[in-house]
Amino acid sequence: MNVYRTHLCNELREEHIDQTVTLSGWVYRKRDHGKIIFVDLRDHYGITQLVFNDSDTTIFQLITTLRLESVITIKGIVKARDSSTINETLDTGSIEVIVSSINIETASEILPINIASMQDYSEDIRLTYRFLDLRRDKVKNNIILRSKVITEIRKSMENMGFIEIQTPILTSSSPEGARDYLVPSRIHHGKFYALPQAPQLFKQLLMVSGFDKYFQIAPCFRDEDARADRSPGEFYQLDIEMSFVTQEDIFNIIEPVMINIFSKFSNKTINKEFPKISYHDAMLYYGSDKPDLRNPLVIQDVTEIFRDSEFKIFNSNIKQGMVVRAIPAPNTAHNPRSFFDSKIEFAKTLGAQGLGYITFIDDSLAKGPIAKFLDKDRLDNIKLICNIKAGDSVFFVSEIADKAALFAGEVRTLLGKELNLIEENTFKFCWVIDFPYFKYDHKEKSINFFHNPFSMPQGGLEALENQDPLNILAYQYDIVCNGIEISSGAIRNHKLNIMYKAFSIAGYTKEMVDEKFKALTRAFKFGAPPHGGIAPGIDRIVMLLADVPNIREVICFPLNQSGEDLLMGSPSEIDNDHLKLLSLNIIKKT
């Protein structure tokens, strides 16, 4: 028999009345009623109310002085609660345990975090004492949710015939967009392993090895700055790769997995069909490659309406190659001037010169700084294109296309929030497809890959040889939910001649490609199947399901905003003997 407990703290019911039981757990709450002290005993599973009375002075004195969160084992008799004290919010709310003996397993010191309180604490306190923070229901439930989500994902993948395979953690550096975490080799002096940013090359090699459907709950490591939806250092993804598939095959596999997870673990509605939006349209209509479709506002291009107009600022910008984007603001025409001024100031904080705007007071009256420069036909066209009705306003931004998209997107987001337009209690998924294959690096004055260098260009070798590189699209795709990118994927480039050509456009010689990716190029010489994959982020999925604003809320032991583990004290200095063993020397920054 277990000496610590006969039952868990969520188990006891009326059918256990008059039984002698043993329970163990943490002292969650104490209520001193003079001659009686009530204690809520908590374990992982729930809470049971204990009753201590002063008839046994030794036990009573112990519990009187014992601090909250001390760990105890008790024996006692289960009794029914008085009807007036039944707690229907607890599974055990109809009973209590009259304590006859107690053993203090470990006594707690004064708590830096009140476990039973909803009080907010600083992130430094929470992460330094994460073992206490994890005792709080909200944080604990997030971690339990994460476990359940991963279990359900594994079931889904196995049911579809996928094989779970672990890939190496110590590998070589790869050019996947972020900085690597490097591990010095003790044996091979001057050489380093890299922690994988993703299992990209390994999962492709698995396809070349003849495996048909691979998945892994994969740890990934990227030396990136923190954001609300990105934890520095380490994250996990559902890594997937399949042979003999097209882009549509990937969509058909992963959509049901996402729908199942979000339906099973949330009461929010979910769109059962994921619309497909090209990267071009996402940037044009939403000002972001991560469009939040809960926001009904749609940006429109009104460059041609302002071309050759009397509004000289925009007309001059257009002649210099700039564009004009319009962001509708419903039911704001009668808002005070301060409303419009605040949006102009907001745009300036982003780096824009400002915003123009027109208020459509009624069907025949338009006001604002720009309205007087536009004739009726131009105003009517704005109303038509932007779906404007009487009482609405429109904001305008004029910049080069990339900046115009950014500024318009931020204004769209701000208006959606301020005007309470964001649809609540729903998950709005979409695919973003047709990403550019290359981009121009203005700083380096060179062409580089836009995203994944291992993806297949649309049009294959012919496109690489005959098209402007900046016009070539890739078989790359993202899943976006509520404005958060939760997955990226691609159909891979499995043909060496296409790979060499693509890398040559980005400035790599054949010899450089063979040296950098020797395993992949060697493998592709022995029969590589067409293959593709995707990798939804576990942390972001759980963050959305838990409805928390920060990804660190769903990670058990996260790094802080500065990439520090305050609990374990890392990163930390290494002693000189260890450095010498690794042939390393620390150069102090001046």
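Each residue, glycine too, has its Cβ placed from N, Cα and C.
Keep in mind that this is a model prediction, so the values were computed, not measured.
Per Swiss-Prot, the features are as follows:
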SITE      H33  site 'Important for tRNA non-discrimination'
BINDING   E176, R222, H451, R492  L-aspartate binding site
REGION    200-203  region 'Aspartate'
BINDING   R222, D223, E224, E485, G537, I538, D539, R540  ATP binding site
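Around E224 (ATP binding site), the C-beta neighbours below 8 angstroms that are at least 6 residues distant in the chain are A178, R179, R230, P232. Straight-line distance linking the Cα atoms of R540 (ATP binding site) and H33 (site 'Important for tRNA non-discrimination'), rounded to a whole number, equals 46 Å. Here I538 (ATP binding site) is compared against the recorded positions H33, R222, H451, R492, and the shortest C-alpha distance is to R222. Sorted by the number of other CB atoms within 10 A, the recorded positions H33, R222, H451, R492, R540 start with H33, the lowest. DSSP states for the region 'Aspartate' (200-203), grouped as helix (H, G, I), strand (E, B) and coil, give 4 helix, 0 strand, 0 coil. With a cut-off of 8 Å between CB atoms and residues at least 6 apart in sequence, the same chain places F235, Y236, Q237, L238, I486, S487 near G537 (ATP binding site), listed in sequence order. For the binding-site residues given as D223, E485, D539, the lowest number of other CB atoms within 10 Å of the residue's CB is seen at D223. A 10 Å cutoff on Cβ-Cβ distances gives I538 (ATP binding site) a total of 23 other Cβ atoms nearby, all chains included.
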